[in-house]
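Peer 1: As annotated by Swiss-Prot, substrate binding site applies to Ser98, Asn114, Tyr115, Arg116, with the evidence given as sequence analysis. Swiss-Prot lists His102, His112, His146, His176 with the feature divalent metal cation binding site, giving sequence analysis as the kind of evidence. Here Swiss-Prot flags His112 as active site, proton donor, drawing on sequence analysis. Per Swiss-Prot, site 'Important for dimerization' is recorded for His176, and the stated evidence type is sequence analysis. Swiss-Prot lists 266-301 with the feature region 'Important for dimerization'.
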Amino acid sequence: MLKEPPKNSREKTKNLLLTLQDKICSGLENVDGKGKFTEESWLRDEGGGGRSRVLKNGSIFEQAGVNFSEVQGKELPQSIISQRPEAKGHEWFATGTSMVLHPKNPYIPTVHLNYRYFEAGPVWWFGGGADLTPFYPYLSDVRNFHNEHKKACEKVDQDLHKVFKPWCDEYFFLKHRNESRGIGGIFYDYQDGSGNIYRGNNKNGEASKASQNVGRSNLNWDNLFSLAENCGQAFLPSYLPIIEKRASQKYSPKEREFQLYRRGRYVEFNLVWDRGTIFGLQTNGRTESILMSLPPLARWEYGYKAKNGSREEFLTSIFTKPQDWFNDKELEKFCMENNIFD
């Protein structure tokens with residue numbers, strides 16, 4: 001039996017996520033130096049609304065979107081009922097902040113973040129995560145992104161990152177391409193402090209195995225609130241150092257073309273596999289905000305193959321597959337030998 005959340009749970013999570021949106025937008029405007037976010041507030045007929053912020057054509061970001069929403073309704077979509085049937089028949093509430101950044105320079109990765117909270121009758125949970133999608137990756141950048149999120153998880157519980165890292169690799173996977181969307185990060189969902197940490201569908205996967213190894217969760221509502229808070233605060237220190245290192249790096253039309261080609265994979269994942277996109281469309285969300293994650297430009301090329309030994313080939317052979325980014329000495333050696341460590 002789940003413990004009831006605090007009486008002010010909805011207001012508390014709403015304020016957390018609004019503050020997260022504000023802090024991220026401020027940090028991104030500062031590092032961009034040129035672009036400014038424009039804001040649109042919107043209301044949903046069935047209840048709730050949000051504020052969508054988009055920065056276009058900055059010095060760093062071709063497009064950056066940071067959205068907040070707070071919505072409620074009476075009829076749950078099937079995607080939720082299939083996961084938590086005990087929520088059926090109850091009015092529901094959901095709030096979240098989501099972000100996708102599409103930089104101009106191919107040496108600066110695309111990045112995504114989402115933290116959310118849901119209630120329906122006796123059911124409540126937290127979900128969220130952040131993941132990085134580089135086009136011309138460097139191992140040091142990958143490590144910094146992972147390390148900041150690992151530290152954030154471990155402030156709450158030493159075992160969480162052991163599950164959230166492989167869960168991210170599992171979730172952001174394009175089954176029809178047999179490749180990861182990027183180098184991962186953290187991902188978690190349906191966290192209510194009861195049972196196993198892993199709540200995904202792949203019972204034989206690495207995340208499920210890690211969850212079984214660490215045992216059952218014993219976190220309460222406040223712990224999980226702190227998890228969302230810590231992980232949200234980890235984003236800027238995980239990403240801004242990459243911008244500072246790569247923003248001045250020169251690139252050619254060839255590298256821009258490859259960036260646009262790989263952005264096509266981002267589009268494919270978000271429209272075919274992403275649960276957040278599906279939930280938003282099923283619940284009559286604001287379409288412009290839901291599809292804010294899509295890049296302003298992308299391209300597809302039939303039968304593309306990267307040249308062996310090229311930076312483009314390194315991406316698809318190494319950096320779109322789950323890795324032990326910190327402890328694999330062969331990977332570290334390879335990256336150093338091929339000038340893709342730092």
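Each Cβ is built from the backbone N, Cα and C atoms, and glycine gets one as well.
Predicted, not measured: the structure shown is a model, and the values here were computed from it.
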Peer 1: Of the residues in the region 'Important for dimerization' (266-301), how many are helix, strand and coil by DSSP?
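Peer 2: Secondary-structure breakdown of the region 'Important for dimerization' (266-301): 22 helix, 0 strand, 14 coil.
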Peer 1: For the binding-site residues His102, His112, Arg116, His146, His176, work out the Cβ neighbour count at 10 Å and name the residue with the minimum.
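Peer 2: Counting other Cβ atoms within 10 Å of each of the binding-site residues His102, His112, Arg116, His146, His176 gives the minimum at His176.
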Peer 1: For the binding-site residues Ser98, Asn114, which one has the sparsest Cβ surroundings, going by other Cβ atoms within 10 Å?
Peer 2: Asn114
Peer 1: Expressed to the nearest Å, what is the distance separating Ser98 (substrate binding site) and His112 (divalent metal cation binding site) at their Cα atoms?
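Peer 2: Rounded to the nearest whole number, the Cα-Cα distance is 8 Å.
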Peer 1: Considering Cα atoms only, can you say which of His102, His146, His176 is the nearest neighbour of Tyr115 (substrate binding site) among these binding-site residues?
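Peer 2: Smallest Cα separation from Tyr115 (substrate binding site) among His102, His146, His176: His146.
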Peer 1: Taking just the CA atoms, what is the gap between His146 (divalent metal cation binding site) and Asn114 (substrate binding site) in Å?
Peer 2: 16
Peer 1: Tell me, by DSSP, whether His102 (divalent metal cation binding site) is helix, strand or coil?
Peer 2: strand
Peer 1: Reduced to three states, what secondary structure does DSSP give His176 (divalent metal cation binding site)?
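Peer 2: Coil, per DSSP.
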Peer 1: Across the listed substrate-binding residues, Ser98, Asn114, Tyr115, Arg116, what is the farthest Cα to Cα distance, given in whole Å?
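Peer 2: Those residues reach a largest Cα separation of 8 Å.
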